[in-house]
């Protein structure tokens, strides 16, 4: 009986110890799982913040680039720097800056085309002058080879009449073609007149006509 009571007492102690241990283990929180969930949630929030920050920086960079572009246009385009009395001292809007830029580019295209036409006209004038130079050089050479030919056969009055006839003919065409409204228009008219009335063939016809007229007066 004593042995039986001793074993029963030990079994009761072990049973109580097991029940206490299981109760203690069940009351302890699962800290490993909670830490894992916390870190994962923090990582997600951090990733969202990073994406949001990157998007904000990219958007700000894009806006800064656009703003710099408009500022550069206002600095380059002269009409953007002029005072617009309809707007006053207000800052030019982007729409106005773009429109003024378009107008200025179209103006530059027209000026470029006009300058190309002027260059083409000047090249023609240079070619005509070269031809006239060659003709005059041939005349000078002919006089040098025959210095006594025709000497004292033509009076100064006849020479003056020939010169006057040539100049009168040229002045009439010049006076009918020239406009003095502005210096720019005058320059354009002069070049146009030179190209039209000072061609070697045209001058040759004028001189021949004057010589025929003087000849008919002399004989």
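Heads up, the Cβ atoms here are built off N, Cα and C, so glycines get one too.
Copied over from TrEMBL:
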REGION    1-65  region 'Disordered'
COMPBIAS  15-30  compositional bias 'Polar residues'
COMPBIAS  37-49  compositional bias 'Basic and acidic residues'
DOMAIN    50-108  domain 'BHLH'
COMPBIAS  56-65  compositional bias 'Basic and acidic residues'
COILED    105-132  coiled coil
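Residues belonging to the coiled coil (105-132) score a mean pLDDT of 90 in the model.
DSSP labels the residues of the compositional bias 'Basic and acidic residues' (56-65) in these numbers: 10 helix, 0 strand, 0 coil. As a summary of secondary structure, the domain 'BHLH' (50-108) carries 46 helix, 0 strand, 13 coil according to DSSP.
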